[in-house]
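Encoded as structure tokens, the structure appears first; notes follow it.
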Amino acid sequence: MPKTMHFLFRFIVFFYLWGLFTAQRQKKEESTEEVKIEVLHRPENCSKTSKKGDLLNAHYDGYLAKDGSKFYCSRTQNEGHPKWFVLGVGQVIKGLDIAMTDMCPGEKRKVVIPPSFAYGKEGYAEGKIPPDATLIFEIELYAVTKGPRSIETFKQIDMDNDRQLSKAEINLYLQREFEKDEKPRDKSYQDAVLEDIFKKNDHDGDGFISPKEYNVYQHDEL
């Protein structure tokens, strides 16, 4: 093999092995990182705890661990109403999905989330969250209900038992859920939520949501 080719071959092998080593080291570092959870308050009576697929209602504030500066406050959005989201399906960062598992309604937590469970090397929000940032969240959970895609919830919404959900049925369900946090929404807000639900789920455009369209998690038999 000519010297030039031999050198090039060794050069390529070196960088391949270096890349493999770097990737393995990064994977090892990420595997040692974990979400740290501090329970600030937990109600004495806790008969129901949060799990993947549940619908949660919570407020949370986010801070940069580096300097303690606040980058997010849920109370400044949606007229101060707590946020509704489904746990464990990617509606929040992975670290929050982990941190809010096994929580009771009324519980408060302070959690530390490493970059690999937050925004990683990319950062977020045009520099508001820099690359490789460790985040701190203070969380207060208000309600844990059956996820919107569970069998039980589908049957609860389907008032006439025709195995499809109409706009009237879902509108009534939303109204009941919004009333649970004792902060009734304006009708225009509820209408916007209803429109968004059908836009994202009524795939055939027939004005109803079928069991197949409803069950996006594909793990329940309807």
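Note that Cβ sites are derived from N, Cα and C of the backbone, with glycine treated the same way.
Which of 3-6, 119-122, 187-190, 219-222 counts as motif 'Retention in the endoplasmic reticulum' depends on Swiss-Prot, and there it is 219-222. Ca(2+) 2 is bound by ASP202, ASP204, ASP206 in Swiss-Prot, and the record lists one more residue there from GLU179, GLU213, which is GLU213. Per-residue pLDDT, averaged along the motif 'Retention in the endoplasmic reticulum' (219-222), amounts to 36 for this model. Looking at GLN164 (Ca(2+) 1 binding site) and ASN45 (N-linked glycosylation site), their Cα atoms lie 37 Å from each other.
Sorting the domain 'EF-hand 1' (145-180) by DSSP state (H, G, I as helix; E, B as strand; all else coil) yields 21 helix, 2 strand, 13 coil. The Cβ of ASN45 has fewer other Cβ atoms within 10 Å than any other of the recorded positions ASN45, GLN164.
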